[in-house]
Structure formats: structure tokens, C-alpha cells
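Per TrEMBL, the features are as follows:
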type: TRANSMEM; residues: A:67-89; note: transmembrane segment
type: TRANSMEM; residues: A:96-116; note: transmembrane segment
type: TRANSMEM; residues: A:122-142; note: transmembrane segment
type: TRANSMEM; residues: A:154-179; note: transmembrane segment
type: TRANSMEM; residues: A:199-219; note: transmembrane segment
type: TRANSMEM; residues: A:240-273; note: transmembrane segment
type: TRANSMEM; residues: A:285-304; note: transmembrane segment
type: TRANSMEM; residues: A:311-331; note: transmembrane segment
Amino acid sequence: MRRTLLYSGLTVAFVLIVLVSAGAGQLSISPLEVFGAIMHRIGLDLGPVPASATAETALWTVRFPRIVMAALIGAALSAAGLLMQAIFGNPLAEPGVVGVSSGAALGASATIVFGWTFLGGWTIAVTAFIAGLIATLLVYVMSRANGKTEVVTLVLTGIAVNAFAGAGLAFLTFLGTAASREQIVFWQLGSLNGSRWDQVLIILPLVVAGIIAAVIVSRRLDLLSLGERSARHLGVNVEVLRVFVIVVVALLVGASVAFAGVIAFVGLVIPHLMRMILGPAHGPLLFASLMGGAVLLLTADLVARTAVPNADLPIGMLTSLVGGPFFFWMLRRTRKRSGGWA
Amino acid sequence: MRSRSTHLVIPDPLTPGEVAIEARGITFTVGQRELLSGVDLTVHAGEMLALIGPNGAGKSTLLGALTGDNHLTSGSVTLAGTPLHEWTLKQLARRRGVLLQDNGVFFPFTVEQVVEMGRAPWLGTARDNEDEVAVREAIESTDIHHLRQRQVPSLSGGERARTAFARVIASRTGILLLDEPTAALDLKHQEDVLQLARQRAANGDAVVVVLHDLGLAAAYADSITLLQRGRVAAAGTPAEVLTSERITAVYEHPVEVFPHPVTGALIVQPVRR
């Protein structure tokens with residue numbers, strides 16, 4: 001019952017935000033016209049078409065690719081957060097907080113500064129993935145003890161990894177030309193400005209693969225909540241599962257960071273809210289988190305584009321604005337519950 | 001596809017009296033310290049074996065060796081006739097259930113969800129149609145029915161221990177390895193848990209249980225293995241192992257063992273004067 005309500009609520013919210021977001025901007029298009037434009041494109045004679053050809057072009061070349069990117073990246077970051085929390089056994093694990101995102105941004109920035117193009121359009125996604133993978137492994141190895149990660153260790157490891165990645169980014173900023181500096185700043189702030197269909201085509205298969213992988217392991221992640229040994233006694237190959245999940249996290253975060261920069265806290269806020277509503281079973285939680293992440297990032301992007309006239313605010317700034325206090329609240333709650341900095 | 005077929009194999013039930021677990025000369029070393037030295041142990045189907053000994057004697061370490069968690073320095077462990085290292089994790093999970101001392105759960109799963117996790121090894125096999133009955137029975141028999149919808153992290157230590165025990169019971173494996181299942185429990189639930197384990201042994205399962213309370217070990221075990229500094233100090237029936245002299249020596253505290261005036265059951269009690 002609860003689940004059905006939440007799923008329908010999220011679906012409705014998703015459809016609404018897509019229609020509103022696509023219509024909002026300097027050239028205003030009504031949600032109904034947006035709906036009509038989509039319907040006519042898929043061959044259904046439903047709803048009004050946009051009044052002008054300019055509006056039609058704006059929708060299909062600028063706004064829709066950006067919306068698809070926002071939805072994909074929101075879902076990817078949210079799923080990545082959920083996966084990290086499962087293998088760390090800690091609800092405060094999140095790609096941005098522990099430094100996986102800045103690691104990936106470091107890889108992406110190095111690609112820009114050194115002008116690497118060895119894999120064409122995929123180069124930046126691949127380097128972001130590899131750097132993100134290294135960062136995830138590092139955090140994982142450094143912060144765990146006895147099958148779980150204590151809050152303090154996790155946060156401190158995050159500080160260390162973020163500091164190191166920050167130094168790398170600073171060095172690259174120093175090395176780079178004026179143009180590449182601008183790009184690095186873009187990666188640090190996070191933005192969906194200038195999203196294109198060819199980027200969607202790269203990110204889509206990566207995110208879909210990551211999500212399928214997450215669905216496959218979701219039951220085993222439930223068992224992992226019993227602790228590593230108990231999970232193994234129930235037939236889970238914990239070592240393989242861990243490595244697999246770490247690669248999937250790096251894939252999801254790497255794909256997101258490569259095209260939108262560091263957008264922190266989505267993976268913290270959304271899985272936590274969904275867990276409060278649905279409980280911790282990873283199957284239903286994953287689906288709700290994907291939807292919730294998409295809706296959150298679409299909303300944040302709508303605000304980023306429209307809050308200040310003629311300006312595009314960095315979306316990473318917005319998510320951190322909300323996520324920072326939220327993280328703080330969660331820390332306080334965790335501390336209260338465990339009676340200290342467990 | 002061999003992997004597919006072995007993936008869903010359901011192990012044959014143990015025949016009564018069959019050797020369920022056999023450990024031969026197991027030695028386990030961490031750094032320079034030898035935690036287990038040349039330990040032998042045999043458990044038959046239909047038997048309940050208690051591991052006892054003072055703190056640090058190696059009871060949990062031995063149990064960890066029997067589950068495969070601790071990699072032996074030397075010696076061998078055989079489970080239902082097959083060496084432990086030849087088992088796949090899946091098959092092992094269908095053969096034996098393990099209850100650890102640490103029964104915390106990282107996320108707020110409900111009691112019912114945790115007990116259902118005990119059925120995970122049977123997912124997709126012909127025996128997954130028992131799931132509902134097995135979970136219900138486990139919940140009823142451990143007296144946690146009223147806690148079904150409660151979140152495990154919010155429970156008391158004893159309630160959490162019963163939930164973990166119910167999860168292991170729900171797996172319906174032929175072999176049970178239990179590490180101090182009674183440690184956090186009140187008197188009634190201690191009796192309940194051991195009676196349940198006793199019942200499983202009577203039905204032909206093999207049970208190994210680590211116990212601190214020597215009275216409980218005397219009352220419920222078919223056989224006892226007494227450990228002292230990583231070695232077997234004595235093994236046999238409760239009457240053979242639990243003598244005042246031996247317990248006094250091993251626990252370094254004067255202990256009396258005498259029969260109950262009515263039932264004749266062994267009573268083990270420290271001398272307090």
C-alpha cells in the first residue's frame with residue numbers, strides 16, 4: 001500500500017516536473033504544448049503542438065537532452081549512494097561526501113588539461129570512471145574495520161580523499177590554459193548546461209548497465225546487512241559482491257561526473273528519505289531511489305535555470321545547499337542514537 | 001551447464017548417526033599465538049555437542065574453524081563427508097546454519113524481514129515453497145511473534161539474539177553451529193532456545209553449541225568438548241567430562257558437581273564459602 005502510493009506519487013511527480021521543466025525558460029512553452037510535442041514525435045496525434053518552430057527546436061535540441069541528462073544522472077547518483085551505503089553498512093556513505101566524485105572530477109579534469117582523446121567522445125567518461133574507481137577502492141580499504149565503517153572513520157577518510165583530489169584539481173587548474181581552467185571550475189561546481197544528445201547516448205548505456213547490475217545484487221545486499229560473516233553463511237560470496245558493487249558505483253559516478261561535474265548529496269538525501277518511507281529492503285528501495293533521484297535533480301536543474309533571470313546557476317551548488325544541512329542533521333541523529341561518535 | 005545444476009541441488013538429509021562434522025588435528029595460528037592446537041572433534045547426526053571452556057580457551061575460534069571462517073594452519077574439517085574447502089558457499093548454506101555472537105543488523109530491517117533472510121539459501125529451489133511455514137514456525141517457537149514488525153536495531157539484546165536464532169532456525173539446515181545462543185537471554189528463553197536445539201537434534205540434525213553455563217551444558221548436551229588454552233582438555237558425555245576435579249582445575253576456581261536430589265541431573269556450582 002505504502003509502496004504503491006510512493007511509486008505512483010513519484011511517477012506523477014516525474015511526469016509533471018518533466019513537462020514543467022521543459023516548458024520553463026526564456027522561451028516559455030506551456031506544459032500541454034510540451035506534452036503535445038512529445039506525443040507528435042512518437043506518432044500520436046495528441047495535444048497541441050508548440051506555437052512556433054523556434055519553440056519546437058528549443059525543446060528538441062536544448063531542453064530535452066538536458067532533461068534526459070538530469071533524470072539519468074539523478075537516478076545514477078541516487079543508486080550509487082544506495083549501493084555505497086549497503087557495502088559500507090553505513091547510511092552516511094555517499095559518493096560526494098567520501099570523495100569518489102572529486103576523484104572522478106580529477107580524472108575528467110586531467111583529460112581536459114592534457115588534451116587526451118585516445119577514446120574519442122568516451123575518453124572523459126573512461127578517465128572519470130578509472131579515477132572514480134581508484135577513489136572508491138581507496139576509501140573502502142581505508143575506512144573499514146570488522147565488516148563495517150564507523151561514522152567518524154568514514155567522514156575523516158572522505159576529508160582526506162577530498163583534500164587529495166582538491167590538491168590535484170588545484171594543480172591542474174594551475175597548469176591549464178584559461179579555457180581548460182574554466183572547464184575545471186565547471187566540474188567542481190557541477191552543471192547540466194550544454195547537455196547534448198551525443199552525451200546522452202554515452203551516458204545512457206552506462207547508467208542502464210549500472211542499474212541492471214544493482215537490481216541483480218539487491219537481494220544479496222539485504223543479506224549483507226547481517227554482517228559479512230552471516231551473509232557468507234547464507235551463501236553470499238561477499239568478496240566478489242564487494243568488488244562488483246565498487247565497480248558499479250565507480251561506473252555510475254564516473255558517467256555522471258564526466259558530463260555534469262560534482263553533484264553531491266543526491267545519493268545521501270534520496271536513499272535516506274526513501275528508506276524512511278519504505279524500509280531498508282534494497283529491491284523496492286532501489287526503484288524508489290532511482291525515481292526520487294531523477295525527480296530531485298530535475299527539480300534542482302529547473303531552479304538552476306530559472307531562479308535568476310538569464311543565468312544558469314551551478315546545480316552542484318544547489319544540491320549541496322540542501323544536502324549540507326541534511327547531512328548535518330543525519331550526523332546529529334546518528335550520534336544521538338549510538339550515544340557517541342560510533 | 002554444470003553450474004546451473006549444482007546451483008539448485010538440495011542436499012540429502014543426514015542419516016541418523018552419520019558423521020556430520022569431523023575435525024582432525026586442527027591448528028590455527030594468528031601471528032605467533034597458537035589459538036587452537038591439534039583439536040579433534042566429531043559430531044554425529046542426531047547429536048548435540050556443547051563446546052565449553054574458560055574465556056579465551058578457543059571456543060568461538062573452534063566454531064569459526066568449523067564454519068570455514070578461520071582458515072586453518074593445519075588439520076582438516078569435513079562436513080557430511082566432504083572436505084570444507086570443496087563446498088560451494090551456496091551448498092554450504094543449505095547444509096549448515098550458523099549463529100554468531102554478533103547479531104547486529106546495519107539497517108532498520110523488521111524482525112520478520114530478518115527471519116525471512118534465513119530462507120535465502122533456498123531461493124529458486126524446490127524447497128522455497130516451505131518459506132512461509134518455516135518463517136512462521138521459527139517466529140512462533142522463539143517467542144518473537146509480538147515483535148514481527150519491530151525494527152531490529154531498536155530491540156533489546158535478548159530480543160535481537162532471539163531474532164538471529166529464529167533466522168538460523170528458519171533455514172532448516174541439517175547442521176546447526178551456534179555461538180553462545182543463550183548469552184543475552186533470560187532464564188526462560190535460555191531454556192526455550194536449548195530445548196529447540198535439543199528438539200532439532202532429536203529429529204536427526206547435528207548441533208554444535210558454544211555454552212558458558214555449565215549447568216545448561218550438563219542438562220542439554222549429548223556430549224561435551226572441554227577446551228583449555230586451545231587444546232581439548234576432555235571430551236565425552238556430560239558425566240564423563242564434568243567432574244569437580246577437572247572443572248576446578250580448568251576454570252582455576254573450586255567447583256562442585258553433584259546430582260540433583262530428585263532427578264539425578266548434574267548440577268555444576270562454584271564453591272562459595
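Note: Cβ is positioned from N, Cα and C throughout, glycine not excepted.
Predicted automatically and left uncurated, TrEMBL annotations should be read as such.
The transmembrane segment (A:67-89) shares the most Cβ pairs under 8 Å with A:240-273, out of the stretches A:96-116, A:154-179, A:240-273, A:311-331. The stretch in A:122-142, A:285-304, A:311-331 that contributes the largest number of Cβ pairs under 8 Å to the transmembrane segment (A:240-273) is A:122-142. Proximity of distant same-chain residues to the transmembrane segment (A:285-304), defined by a Cβ-Cβ separation under 8 Å and at least 6 residues beyond the stretch ends, is recorded for 3, 6-7, 10-11, 13-14, 17-18, 20-21, 24, 66-67, 70-79, 81-82, 191-192, 211, 214-215, 218, 263, 266-267, 269-271, 273-275, 277-279, 312-315, 318-319.
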